[in-house]
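K.L.:
Pasting in a structure now, in structure tokens, and then I'll have a few things to ask.
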Amino acid sequence: HFHGYARSGIGWTGSGGEQQCFKTTGAQSKYRLGNECETYAELKLGQELWKEGDKSFYLDTNVAYSVSQRDDWESTDPAFREANVQGKNLIESFPGSTMWAGKRFYQRHDVHMIDFYYWDISGPGAGLEAIDLGFGKLSVAATRNSEAGGSSAWINNQRKDADKTINDVYDIRLAGLETNPGGSLEFGVDYGRANTQDDYSLAPNASKDGVLLTAEHTQSMMGGFNKFVVQYATDSMTSWNSGHSQGTSVNNNGHMLRVIDHGAINLAEKWDMMYVALYQDTDWDNNNGTTWYSVGVRPMLQMELPIMSTLLEIGYNNVKSQRTGKRNGQYKLTLAQQWQAGDSIWSRPATRVFATYANWDEKWGYNNVDKSPDNGLAQNGTIGTDSRGKSNECTFGAQF
């Protein structure tokens, strides 16, 4: 079986040069329509290796590539994203469940229009998922990620720094809890901790561990869906804010609260729309957190069924620095004419021509001076921001 994902294209900036993409300093994502500046591909190969009755084994692999789309020949090292085996119905007492081990994209939750994965513990791991409890389905898993350095040891009176320090994440989810007609709840608890080698220790005041709590309500509505999400994280789980842990850091002690409402619906005949509203407050003890607001819509009008449509994406991001009290704001508009394989807003592949306009007001950035004691800390001014010395720009191009 072959599955995959790819995007590529060509674009220009109105003031000259190649297409530049727009992202608000401090925000964790950007509005992506007409605002992607790289060639990226995931090539998935899989095969059912064995089947007997309702029991089976499936091998799944995924290799990803990313280049800057500036030339014909662009070499890159592939990223080995997935290599796992999934066994279904192997445990008689848990019919319908799947036992798995290996590297895997594990039950990822995202907002498509801003390419934001708010619950994603993907990596090497193992687990048992979709255990039917009658009132819902239980999944348990353990995965791993790593950090550069992060721990050290004194060996033969010499300090040795670890090349990498691993973090383990333990995940429990209960999904499919029916709450109302067309609606269901999912709850999750993720515990992440740094796991050092023997004789190695973390830096004083390292966050060491943390938790991420997630509650998500999914509602079928208007020919599509709406998802309402509330998440709370502490300490090591506040760096990436997605479920991965960074327990060696001394800069992420604190907490995070996030609320998201997003979905895709049918407004009327020939009219579909994606939308998102997001609030995220990261409060760190070192006063270097942020408060991020985002709101956007992407309506689509079918011009010629089933292949041609017109899309308009309007998105706004605002990020307040905990340290400086200043705000970075940006709005972005994209108009695109699209030809796609079907009449849904999700239909792919799709080829489009687009024009994008962005306007921003950046008041703070991050100190990026190497070896500075303030490196990585927020500061007033536009140094260390994505403003490029201007306040607005337009781009145009074609992509799929």
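Backbone N, Cα and C define each Cβ position, glycine as well.
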K.L.:
Are Thr248 and Tyr366 on the same side of the membrane in Swiss-Prot?
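P.N.:
In Swiss-Prot, Thr248 shares its side of the membrane with Tyr366.
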K.L.:
Between 97-104, 153-160, 377-384, which stretch does Swiss-Prot give the note transmembrane segment?
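P.N.:
When 97-104, 153-160, 377-384 are checked in Swiss-Prot, transmembrane segment belongs to 97-104.
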K.L.:
Can you tell me how the residues of the topological domain 'Extracellular' (68-78) break down into helix, strand and coil by DSSP?
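P.N.:
Split into helix, strand and coil, the topological domain 'Extracellular' (68-78) gives 0 helix, 0 strand, 11 coil.
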K.L.:
Of the stretches 97-104, 165-178, 183-195, 253-267, 270-285, which racks up the most C-beta pairs under 8 Å with the transmembrane segment (224-236)?
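P.N.:
Comparing 97-104, 165-178, 183-195, 253-267, 270-285: 253-267 has the most Cβ pairs near the transmembrane segment (224-236).
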K.L.:
Any residues 6+ beyond the ends of the transmembrane segment (39-52) with a Cβ under 8 Å from its own?
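P.N.:
For the transmembrane segment (39-52), the sequence-distant neighbours (Cβ-Cβ under 8 Å, at least 6 residues beyond its ends) are 1-9, 58-69, 74, 81-82, 85.
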K.L.:
Between the Cα atoms of Cys21 (disulfide bond) and Tyr117 (site 'Important in sugar transport'), what distance do you get, rounded to the nearest Å?
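P.N.:
Checking the Cα atoms of Cys21 (disulfide bond) and Tyr117 (site 'Important in sugar transport') gives a distance of 19 Å.
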